[in-house]
Amino acid sequence: QNPKTSTIVKQLVAEGNAGELQKYFGSRMEFGTAGLRAAMGAGISHMNDLTIIQTTQGFCRYLEKNFSDLKERGVVIGFDARAHPSSGGSSKRFARLAANTFISQGVPVYLFSDVTPTPFVPYTVTHLKLCAGIMVTASHNPKQDNGYKVYWENGAQIISPHDKGISEAIEENQEPWPQAWDDKLVDSSLLLRDPYATISRDYFKDIQKHCFHRNINKETKLKFVHTSVHGVGHKFVQLAFKAFDLSPPFAVPEQKDPDPEFPTVKYPNPEEGKGVLTLSFALAEKDGAKIILANDPDADRLAVAEKQESGEWKVFSGNELGALLGWWIFTCWKNQNQGACAIKDVYMLSSTVSSKILRAIALKEGFHFEETLTGFKWMGNRAKQLMDQGKAVLFAFEEAIGYMCCPAVLDKDGVSAAVITAEMASFLATRNLSLSQQLRAVYNEYGFHITKASYFICHDPKIIEQLFENLRNYDGKNTYPKFCGRFQVSGIRDLTTGFDSSQPDQKAILPTSKSSQMITFTFANGGVATMRTSGTEPKIKYYSELCAPPGNSDIEQLKKELDELVNALEEHFFQPEKNNL
């Protein structure tokens, strides 16, 4: 019933444009563990009013089946500032339609009255003991995209088998229910609640438990620049600084207010590094700020840059910031907990494609480290399991600049990560240390961990499949490569098939998934490289790392060795010319 998408379709029919219609109606968006992520527009392959109604009807029926008390507890729905004028879609409209669906079935809905960071949704699920949460966001994707992200009652993103259950329920509930389109109904409903004020207050109270140096924060002369890259983060990072008694960061004026057009950046993704930070560098130079904090548009990720002695800016990789935050959060914990007995219940987590630096710190300091599959859904769920067993999960991170610094949010959170980074930098400044110098100190103590990651773009799923099948049948049938250029392969773990050469029974310990490609190669020189497909973009990604034991400080030699390994990986395993990548 949306006049804009309806007109688009009618026009294509009038023109007899079968090719475009096939694109819009050929296949339905797949609902996976990451929920939905697609461009806004007409047809069942896009995010629009109808596909949001259908998805929510399926999700509602699935929740009714799983929770007898759904009508007492309810769900939370949040949204970012994305909008797509040509199809009439927007995050706010999608959130209201989803709320309407639940309310029509007598389910209470905590619908935020304004945009919020993604981490507010998992926080609200746990804090108010709700059955589930929905966040309408496409995070840092291009501006035409949107997404529908789902959290379970434990406050973590859903994992299998819930994705399959929800997907089947969507298939069974495709016809819109009566009044499905009339989102005005929510405004007069007694089942609608607005958690905005309560959650804003309680969230900042909860993150204050992780503020350990209030006096230093009050006095610090260190200046910070913050950008929310046209997303939702500005107001919340300002409030977080206030909660930690830090002076507010300088906000990049052109980027501080939400704008669905993202006019000043090519991609609204701070992972892309310096391109996204151009305006931040300029403001920092003008105001004499040493450190830049950048959130992605839904404020669940954080990038950090620091001005070096040379005048150059260093943008920290996700692995480097993970090393710093891991060191800092453990140090703060240790100062609060002097007894040795507590350490056996302390855990840190990271994903299997992230740096193994936490493993090195854990080995030396005596706490536990665990790695999970890629993505915060795995770390969030594992953290909750451990916490339910009485363990303390201090920190979790992934190389894609995602950090979980407070157990009150079982997902990545760029707001708490920003303010905790600011406190760490302020503390280090009292010791005349920069973040870069402290990073070097961490590597000196626990061993250098050099990482390099990138990706190839490939729009043809057949080529991707063939590329991975070639690796599985490299020297004849069912044999993986023994060498990559001059580098000897010493171990293989294939999480698509479940093979792991390092295990006695050759079976991988981490869960396997036939629907996505992922192979990890271990090399005789101490290098590790993983190749995997992306769940949300047409990319084949790779992640590589060289870990040296403490005491090996020839960093230039290590970097050179890793560069050569990566070049060999690209040339022999990706074969970009042959595969047209």
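Just so it is clear, glycine is given a Cβ too, placed from its N, Cα and C backbone atoms.
Values in this document were obtained by computation on a predicted structure and should not be read as measured data.
Over in TrEMBL, the protein carries these features:
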DOMAIN    29-175  domain 'Alpha-D-phosphohexomutase alpha/beta/alpha'
DOMAIN    202-307  domain 'Alpha-D-phosphohexomutase alpha/beta/alpha'
DOMAIN    318-446  domain 'Alpha-D-phosphohexomutase alpha/beta/alpha'
- Residue counts for the domain 'Alpha-D-phosphohexomutase alpha/beta/alpha' (202-307) under DSSP, helix then strand then coil, are 46 helix, 18 strand, 42 coil
- Message: Across the domain 'Alpha-D-phosphohexomutase alpha/beta/alpha' (29-175), what are the DSSP residue counts per state (helix, strand, coil)?
- Response: 55 helix, 33 strand, 59 coil
- Counts of helix, strand and coil residues, the domain 'Alpha-D-phosphohexomutase alpha/beta/alpha' (318-446), according to DSSP: 76 helix, 21 strand, 32 coil
